[in-house]
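Novice: The site 'Transition state stabilizer' annotation in TrEMBL covers ARG16, LYS23. The feature site 'Positions MEP for the nucleophilic attack' is assigned by TrEMBL to ARG154, LYS208.
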Amino acid sequence: MSRYLALVPAAGSGSRFGGPSPKQYLQLNNRPLMWHTLQVLSQVAAISRVVVVISPGDEWFDDFEWDLPKLSVLRVGGASRAESVRNGLQAMEAGEQDWVLVHDAARCCLSVAAVERLIATLADDAVGGLLALPVPDTVKRADGEGRISATVPRQGLWLAQTPQMFRAGLLAEALAAATVADITDEASAVEQYGHKPRLVEGDAQNFKVTYPRDLALARAILAARKE
Ligand SMILES: Nc1ccn([C@@H]2O[C@H](COP(=O)(O)OP(=O)(O)OP(=O)(O)O)[C@@H](O)[C@H]2O)c(=O)n1
Ligand SMILES: C[C@](O)(CO)[C@H](O)COP(=O)(O)O
């Protein structure tokens with residue numbers, strides 16, 4: 001029986017966000033930002049384990065009470081997101097047929113419904129896939145001077161989100177074959193390995209907290225859910 005396991009890379013330094021601590025530990029509605037992410041994944045009944053990957057030198061994680069029974073932590077984060085995922089996948093000892101849902105710690109406004117939609121859509125899929133958003137706006141390509149060099153046709157363009165869900169065996173092989181420096185998500189490694197992951201429509205609330213301006217939006221979304 002295949003299990004559904006969540007793997008959360010959380011070993012980033014948050015350089016675009018700045019600040020004294022990585023963004024995943026910022027206080028958001030009285031909890032670390034990442035707690036909200038881990039709580040949603042823990043609330044998905046099909047997910048039996050939530051594994052968070054932090055850096056070996058992480059000095060923040062142990063300062064918090066996480067109170068999430070499905071949670072376990074691995075101090076095997078690497079120099080890139082892809083390396084953190086690869087190291088975490090190796091260390092978590094998933095079965096080859098287990099489904100692994102890789103989700104950014106920084107996407108703290110994920111919904112249980114979106115994860116359940118991803119699982120339901122891909123449960124019998126031969127490859128796996130990811131939550132993503134069809135591009136809703138006109139897309140411009142910039143020249144080197146902040147002016148438009150082209151308008152890019154948006155038909156068929158999607159913005160990749162997470163979770164990205166693949167069977168552990170396929171994901172491990174794809175990550176081993178990939179040039180880690182070239183990949184920014186799991187799907188690109190699986191694509192390079194010769195497969196076509198399925199796109200499953202996510203929602204705009206599942207954005208990645210990347211810049212300081214993103215925090216107010218995340219705070220508002222989470223507060224609205226409590227009302
Ligand atoms: N070496 C790394 C780099 C990133 N991540 C994780 O991958 C997710 C998405 O990456 P991103 O938003 O880019 O986070 P950072 O790398 O921390 O941010 P920045 O690129 O601004 O430094 C985050 O949850 C981050 O913690 C990771 O586990 N290991
Ligand atoms: C995985 C991802 O969130 C999909 O859009 C994105 O590639 C992460 O990029 P980052 O630069 O590591 O935040």
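Placed from the backbone N, Cα and C atoms, the Cβ positions cover glycine too.
Computed from a predicted structure; not experimentally measured.
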Novice: What does the structure give for the C-alpha distance between LYS208 (site 'Positions MEP for the nucleophilic attack') and LYS23 (site 'Transition state stabilizer')? Integer Å is fine.
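Specialist: With distance taken Cα to Cα, LYS23 (site 'Transition state stabilizer') is 11 Å from LYS208 (site 'Positions MEP for the nucleophilic attack').
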Novice: What does the structure give for the C-alpha distance between LYS23 (site 'Transition state stabilizer') and ARG16 (site 'Transition state stabilizer')? Integer Å is fine.
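Specialist: Approximately 9 Å lies between the Cα of LYS23 (site 'Transition state stabilizer') and that of ARG16 (site 'Transition state stabilizer').
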Novice: Please report the distance from the Cα of ARG154 (site 'Positions MEP for the nucleophilic attack') to the Cα of ARG16 (site 'Transition state stabilizer'), rounded to the nearest angstrom.
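Specialist: On Cα coordinates alone, these residues lie 27 Å apart.
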Novice: What is the total of other Cβ atoms whose distance to the Cβ of ARG154 (site 'Positions MEP for the nucleophilic attack') is within 10 Å?
Specialist: 13
Novice: Say we define neighbours as other CB atoms within 10 Å of the CB. Which of the recorded sites ARG16, LYS23, LYS208 has the fewest?
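Specialist: Result for the recorded sites ARG16, LYS23, LYS208: minimum number of other Cβ atoms within 10 Å at ARG16.
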Novice: Near ligand 2, which of the recorded sites ARG16, LYS23, ARG154 are found, taking a Cβ distance under 6 A to any of its atoms?
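Specialist: Within range of ligand 2: none.
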Novice: Helix, strand or coil at LYS208 (site 'Positions MEP for the nucleophilic attack'), per DSSP?
Specialist: coil
